[in-house]
Every structure is written in structure tokens, then in C-alpha cells.
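Here is what TrEMBL says about this protein:
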BINDING   W18, E20, N22, E31  Ca(2+) binding site
TRANSMEM  32-51  transmembrane segment
TRANSMEM  63-81  transmembrane segment
BINDING   H79, H205, H209  Zn(2+) binding site
TRANSMEM  120-152  transmembrane segment
TRANSMEM  173-191  transmembrane segment
TRANSMEM  206-226  transmembrane segment
Amino acid sequence: MADDISSFLGPVTSTKEWCELNYVRSSYIAEFFNTISNVPCIILALIGLVNALRQRFEKRFSVLHMSNIILALGSMIYHATLGQMQQQGDETPMVWEMLLYIYIIYSPDWHYKTTMPTFLFLYGVIFAILHLQIRFGIGFMLHYALLCLLCIPRTYKYYIHTEDRSAKLLAKLYVATLLVGAVCWLCDRLFCKHISGWYFNPQGHALWHVLMGFNVYFANTFLMYCRAQQREWNPKIKHFLGFFPYVKIHKLKAQ
């Protein structure tokens with residue numbers, strides 16, 4: 001039955017397959033856990049988006065939260081189908097999102113206001129075109145890791161200049177979820193043959209999705225706090241439902 005459904009949805013053309021058996025939990029979803037594990041990211045991004053809109057943060061943060069939602073939806077479609085085109089629809093938004101993070105992190109101190117967004121936009125367009133034509137494989141992962149590394153120096157600068165303990169905790173939670181998520185991703189990728197023989201599959205890639213949902217939420221909230229500090233909006237870290245941190249600001253009437 002799995003083979004019939006697979007041919008109905010189209011053959012598996014993705015260059016990557018993860019350590020989850022296809023069409024086991026559902027006849028219509030290739031990788032069930034890897035698909036539904038993107039839901040927390042969508043929910044968290046919606047919480048962040050509502051807060052950004054309600055308090056009238058700069059539009060860049062609304063776009064950032066929406067990009068998280070788009071990325072999660074792309075990942076869901078990819079893992080549900082395991083198609084090559086869907087894989088590109090998952091990977092290309094990952095790069096676009098990192099370019100957006102680079103803009104948000106570095107733009108406050110960038111003296112030439114139009115050069116950075118223009119360059120990043122053209123970079124994103126060129127990458128998308130090339131990615132349609134070329135299967136980068138390991139090259140994509142190295143490229144994505146490099147974009148992530150570019151964000152570290154300025155983010156660390158924000159961290160050491162932040163005095164609020166709750167805000168610093170967000171940065172620590174960001175690092176913790178990233179490290180644990182990376183271990184889950186690597187174990188799922190490198191030790192799949194051993195894991196497949198276990199009675200229980202821990203679904204490392206699905207755990208990566210869940211942890212990355214929290215990871216980007218903590219990152220976004222920390223960056224919103226730092227930006228509010230720069231704008232002198234008197235930011236405070238509050239908690240929605242007693243658990244989900246968000247930034248509460250107080251703008252002067254002139255602003």
C-alpha cells in the first residue's frame with residue numbers, strides 16, 4: 001500500500017531521506033513525525049507575530065515571524081512528499097531566512113542603508129535560481145552553516161551589552177536548544193543504521209524540528225528586546241500563559 005501511495009504522490013526524488021520509515025504512520029504522509037513536528041514552530045511564530053503587530057514593532061520583525069511560518073510549512077510539505085522540488089522549497093527559504101537574520105542583526109550599525117538589503121535580496125534571488133538548477137548536497141549544508149556563523153559575532157555583542165537577566169536567559173536558551181537540536185540532527189543522520197534496529201526510534205530529526213521551533217522563537221524575542229533597547233522603548237520580558245516569553249515595550253508618544 002505504501003508503494004501505491006508513493007507512486008500516487010510521485011516517486012521519492014529527494015536527495016535526502018531521514019531515519020524514519022516512509023508511509024508507516026499514515027498512508028498519505030511519507031515521514032509522519034518529521035512532518036507534524038513543524039507544528040510547534042508555526043504556533044510559536046504566530047505568538048511572536050501577534051506580539052510584533054500588536055505593539056507595532058518594526059515591520060522587519062513581522063516579516064521574520066512570517067518567514068518562520070513559511071519555512072515550517074515548506075518543511076512539512078517536503079517531509080510529507082519527499083520530492084526534489086519540495087526539498088528545494090524547504091532549503092531555499094532556510095537561506096532566505098538567514099539572510100533576513102543577517103539584515104536584522106547588522107542593519108542598525110550599517111551606515112549605507114540601501115546597500116545591505118539590496119545585496120542580500122540579490123544574493124537570495126541568485127541562490128534560488130542556482131538551487132533550481134544544481135543539487136548542492138553537502139555544499140548546501142556548509143553554505144547554511146556559514147550564514148549561521150556570520151550571525152554570531154554581532155549577536156554575542158548584543159548579549160554582552162544586555163544587562164536584563166531575563167533577556168540574557170533567552171540568549172542562553174537559544175544556544176542550548178541549538179546545541180541539543182544539532183546533536184539530535186547529527187545522531188539521526190550519522191547513526192541511522194543502528195537506530196533503525198532499535199525497538200523505539202527516538203525520531204531525532206523530528207526533535208530537531210521541535211527544538212528549532214523554540215530556538216528561532218527565543219532568537220526572535222531576544223533580537224526584539226535588543227532592538228527595543230536601541231530605540232529606547234523600555235523593553236521588559238513578560239510571559240504569555242506563564243511560559244512563552246515575549247517583549248513588552250513602552251514607546252514615548254512622540255514615537
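Glycine is treated like the rest: Cβ placed from N, Cα and C.
Contact between the transmembrane segment (173-191) and the transmembrane segment (206-226) is supported by 3 or more Cβ pairs under 8 Å, counting only residues 6 or more apart in sequence. Highlighted in sequence order, W18, E20, E31, F33, N34, T35, S37, N38, S75, A206, W208 have their Cβ within 8 Å of the centre of the Cβ atoms of H79, H205, H209, the residues recorded for Zn(2+), and are not part of that set. The number of other CB atoms found within 10 A of the CB of H209 (Zn(2+) binding site), across every protein chain shown, is 25. Looking only at other Cβ atoms within 10 Å, the busiest spot among the binding-site residues H79, H205 turns out to be H79.
Non-local contacts of W18 (Ca(2+) binding site) by the CB criterion (under 8 A, 6+ apart in sequence, same chain) comprise E31, N34, H79, D188, R189, C192, H205. Around E20 (Ca(2+) binding site), taking its Cβ as the centre, 23 other Cβ atoms fall within 10 Å, counting all chains. Spacing of E20 (Ca(2+) binding site) relative to H209 (Zn(2+) binding site) is 14 Å (Cα to Cα, whole number). Here the Cα atom of H209 (Zn(2+) binding site) is found 18 Å from that of N22 (Ca(2+) binding site).
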